[in-house]
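Annotated domain 'Core-binding (CB)' per Swiss-Prot: 4-89, in sequence order, evidence recorded as sequence analysis. Annotated region 'Disordered' per Swiss-Prot: 138-180, in sequence order. The compositional bias 'Low complexity' feature in Swiss-Prot is assigned to 141-154. The domain 'Tyr recombinase' feature in Swiss-Prot is assigned to 158-349. Sequence annotations record features per position, and here Swiss-Prot assigns compositional bias 'Basic and acidic residues' to 168-178. Residues or ranges marked as active site in Swiss-Prot (evidence: sequence analysis): Arg200, Lys224, His301, Arg304, His327. The active site, O-(3'-phospho-DNA)-tyrosine intermediate feature in Swiss-Prot is assigned to Tyr336; the stated evidence is sequence analysis.
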Amino acid sequence: MSSTQFDGDIDSFVSYLKSNRGLSANTLKAYRADLTACLHLFELRGVTDLNEITLDDLRSWMAVESRDHARSSMARKTVAVRGFFAWAYEHGLTATDPAATLMTPSIPSTLPAVLTESQAEQLLDVAEHAVATNQYKDDGGAAAASGSGKAAGKTADKSADTVNRSEAPARADKRDNARVTAESQRNAAILELLYATGIRVAELVSMDIADIDFSNRTIKVTGKGNKQRVVPFGLPAQRALETWLEQGRPVLARTATDAVKSRAANALFLGARGGRIDQRIARDIVHRAAREAGVPDISPHALRHSAATHILDGGADLREVQEMLGHSSLKTTQRYTHVSIEQLKNRYGQAFPRA
């Protein structure tokens, strides 16, 4: 990321947002990048003072950025820039607010892609089948020398060095088998939880073990703006989570270094090296599962869309789904009613004789 002479102002603005707006770390990072890119462009044009920037300059910046970015990205960039100049004006850094009338690009209301209920079932069935196929009982290393007493009696004349060399590959295979099983259990739990709750992938990877309440079958979710909500989940998700926590998680936790283990001690989901799983791995898990299940390629966010649509199809109230998804606006949740209507029209066309 290019640095600018305005970095100090950007830092102050981001600190202000962090303290007063409760925005997520990802949003703050995006705003910082947007502002740095914007002000760097003006710097290249010879601007040395924020007071030199006009509304026409900002419109010119938008025209340049629009060539390479989607409207949704431009909407976020515009919000960041408008917020920055409003803050600068309020704090006496500028004599006017050139961005006060800067218009946010309109975003077309597109229907989110979703799986059908049967496709979602197929996706989860494949993940469950992978757990059964890769099932390997891990004993924490206690059985590494199983049968070694008899072997020692028969081969007493062999050197200890020879025995150790012959046992090493078996121990390595055992560790690999246990890891594959653990990852299958983790993947199944991730897919079940994403579909059962409709949570965002960022919310999933930030979850701790303590956020799960098995007695009430609910999870505590920390969403955008650090807002918390409680979301229920069903029996299939409970079973998958219990299997992961009791059998799979301990296996992956043992692969971590002490430093990683300390940082990920409370994490619900772990990566192959025992650290807290990141969003990229979670997305890969969903994409790979979709390929293996033979359903349309989807992202974790599309799985969230699917969950919301299926819950509404089942008769849930729109306000309840809004609360479950953590939407601040009911308008955002209403998109899923449009999807449900489209699916209803499709089913109507297939089933009704006078369609």
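Every residue gets a Cβ built from N, Cα and C, even glycine.
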>> For a quick check of understanding: among the active-site residues Lys224, His301, Arg304, His327, which residue's Cβ has the most other Cβ atoms within 10 Å?
In response: Arg304
>> As a quick check of your reading of DSSP, tell me how many residues in the domain 'Core-binding (CB)' (4-89) are helical, how many are strand and how many are coil.
In response: 68 helix, 0 strand, 18 coil
> Taking the domain 'Core-binding (CB)' (4-89) alone, what is its mean pLDDT?
Replying inline: 90
> Rounded to an integer, what is the Cα-Cα distance in Å between Lys224 (active site) and His327 (active site)?
Replying inline: 9
